[in-house]
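Student: Sharing the record's features from TrEMBL:
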- H99: active site, electrophile (ACT_SITE)
- E169: active site, proton acceptor (ACT_SITE)
- N14, W15, K16, G175, S215, G236, G237: substrate binding site (BINDING)
Amino acid sequence: MTMARDRRFLIAGNWKMNGLLQDGVDLAKAVAAGSDGRKAELLVCPPATLIKPIVDAIGGAAVAVGGQDCHYEDSGAFTGDISPTMLKDLGCGYVILGHSERRAYHGESDAEVKAKAEAAHDAGLVAIICVGETEAQRDANETLTVISTQLYGSVPEAATPDNTVIAYEPVWAIGTGRTATPEQAQDVHDHIRTYGMATFGPDNWDGVRILYGGSMKPGNAGELLSQPDVDGGLIGGASLKADDFLGIADAADSLM
Ligand SMILES: O=C[C@H](O)COP(=O)(O)O
């Protein structure tokens, strides 16, 4: 499948549980200062506590803001949770859902991720739905089966390029310094697109952006983003340094 550059690169930073108020504002301002004239779309996903000050710090710069999770209900007795409408209300355009850390530490199931994605869509957010295999699953040659199962269970039938992004994050590559080879990433991304087209509709899925996540850095971003079905990155550690994050965006820009 090769219409990758018809799909605009999305360079997304997942800050995870990092950053106090001033750190976050400083980082967001540095990213915003490097956003002028970009071809790639930039997105930062700070902890929920920082969303509002970061939306304010970014101001009119071309950097979108997203949440790292949301509930599948819009309001109610769910202590500690945040609804998609609350994210939208603060100025978010995106929300990451089903990250492997949520699946592992909070027991999130595919069905729960799907319900959250539907709620996100209803609130007008783009859902970034994460999938990925563990090292044991890869070693057992189960990668593509695991990915298909996660997609089938987690992605709403009504997913379109306008409301959904898929992030392929091999669990063994997250925060480990080990990165999927460009070929490994492309194989899975091609599978995601092929599976999505077969399951949810060819018209929709040719345009759905599929991000790679797992130890992406400025030094390896170019070769990963050169793959035809790699449409951007979901970046953890390297998104906490503006120079590294913008260096990945530079690599994307040079390919568009
Ligand atoms: O959401 C981001 C991923 O978990 C990747 O994290 P990482 O870049 O630190 O490996």
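Note: Cβ is positioned from N, Cα and C throughout, glycine not excepted.
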Student: Which of these recorded positions (W15, K16, E169, G236) have a C-beta closer than 6 Å to some atom of ligand 1?
Tutor: E169, G236
Student: So which one is it: of the binding-site residues N14, S215, which has the fewest other Cβ atoms within 10 Å?
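Tutor: Comparing Cβ neighbour counts within 10 Å for the binding-site residues N14, S215 gives S215.
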Student: Express in Å, rounded to the nearest integer, the largest CA to CA distance found among the substrate-binding residues N14, W15, K16, G175, S215, G236, G237 named in the record.
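Tutor: The two farthest binding residues have Cα atoms 14 Å apart.
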Student: From the Cα of E169 (active site, proton acceptor) across to the Cα of G237 (substrate binding site), what is the distance in angstrom?
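Tutor: Distance (Cα to Cα, whole Å): 14 Å.
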Student: If you count other Cβ atoms within 10 Å of each one's Cβ, which of the binding-site residues G175, G237 has the most?
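Tutor: Result for the most crowded candidate: G237.
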Student: Let me make sure I understand the structure: which of the recorded positions listed (K16, H99) has the fewest other Cβ atoms within 10 A of its Cβ?
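Tutor: Among the recorded positions K16, H99, the lowest count of other Cβ atoms within 10 Å belongs to K16.
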